[in-house]
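Taken verbatim from Swiss-Prot:
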- ARG107, LYS108, LYS111, HIS113, GLU133, ASP134, LEU135, THR136, THR137, ALA138, GLY139, GLY140, SER141: 5-phospho-alpha-D-ribose 1-diphosphate binding site (BINDING)
- THR137: orotate binding site (BINDING)
Amino acid sequence: MFSNAFTEKAVMAELVAKMLWEIKAVHFRADEPYKLSSGMASPVYIDCRKLISYPRIRSAVMDFAAATILREAGFEQFDVVAGGETAGIPFAAMLAERLGLPMIYVRKAPKGHGRNAQIEGNMPEGARVLVIEDLTTAGGSMFKFIDAIRAAGGMVEHGIALFYYDIFPEARGDMKSKGVDLHFIATWRNVLSVARELALFDDKTLNEVEAFLDAPLAWSAKNGGVGALADR
């Protein structure tokens, strides 16, 4: 279980950003933007799934996740930890272990045979569920799992993402209006700060990334992507 040693939030954010660069989980490509599932064009891309392949790094990140939840939500606020199919599942298992809690996972859709279950594992009626994802942009994907948990009788008031895009100022407020507080460890601003500190890219690339973070939809539209996001 977790040792309850709390590292300062800013230090955790910087360390996670450095870890992501170290394992080459983040990429900047301003001259040939990535196309995200939302249809946005983006000069940045992240693959948090790579974390599971680096034991020392994943252990530190999960310690930070536990510290974030205990500090911001409390010690006795949850009965179950839930991960979404598929990226959230290993992180849910590791966080549940640290918090000393049961774990469930949520399918993207009912499996269509047998019990036709969408939630796997034991979730008692009224259980207070903490949902974890590897990353979230505006919370939309997380809410697919939250809605399924609520429909099955669980209570969800908190979610945590190891990495939060933090490019839409209204996103956390939108989640709050739907009854969920979003917690996170690191953001693109932290990653960009480390890239500048270590001079990982030329100024032109770094400035383009910053322009995207300042006005993501305008940057997307200018570079061949959508200029507005579909409603959840």
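Glycine residues also receive a Cβ, built from the backbone N, Cα and C atoms like all the rest.
Cβ neighbour count within 10 Å across all protein chains ranks GLU133 highest among the binding-site residues GLU133, LEU135, SER141. With a 10 A radius on its CB, GLY139 (5-phospho-alpha-D-ribose 1-diphosphate binding site) counts 23 other CB atoms from all the protein chains. DSSP assigns SER141 (5-phospho-alpha-D-ribose 1-diphosphate binding site) to a helix in the three-state reduction. Taking the Cβ of ARG107 (5-phospho-alpha-D-ribose 1-diphosphate binding site) as centre and 10 Å as the limit, one finds 16 other Cβ atoms among all the protein chains shown.
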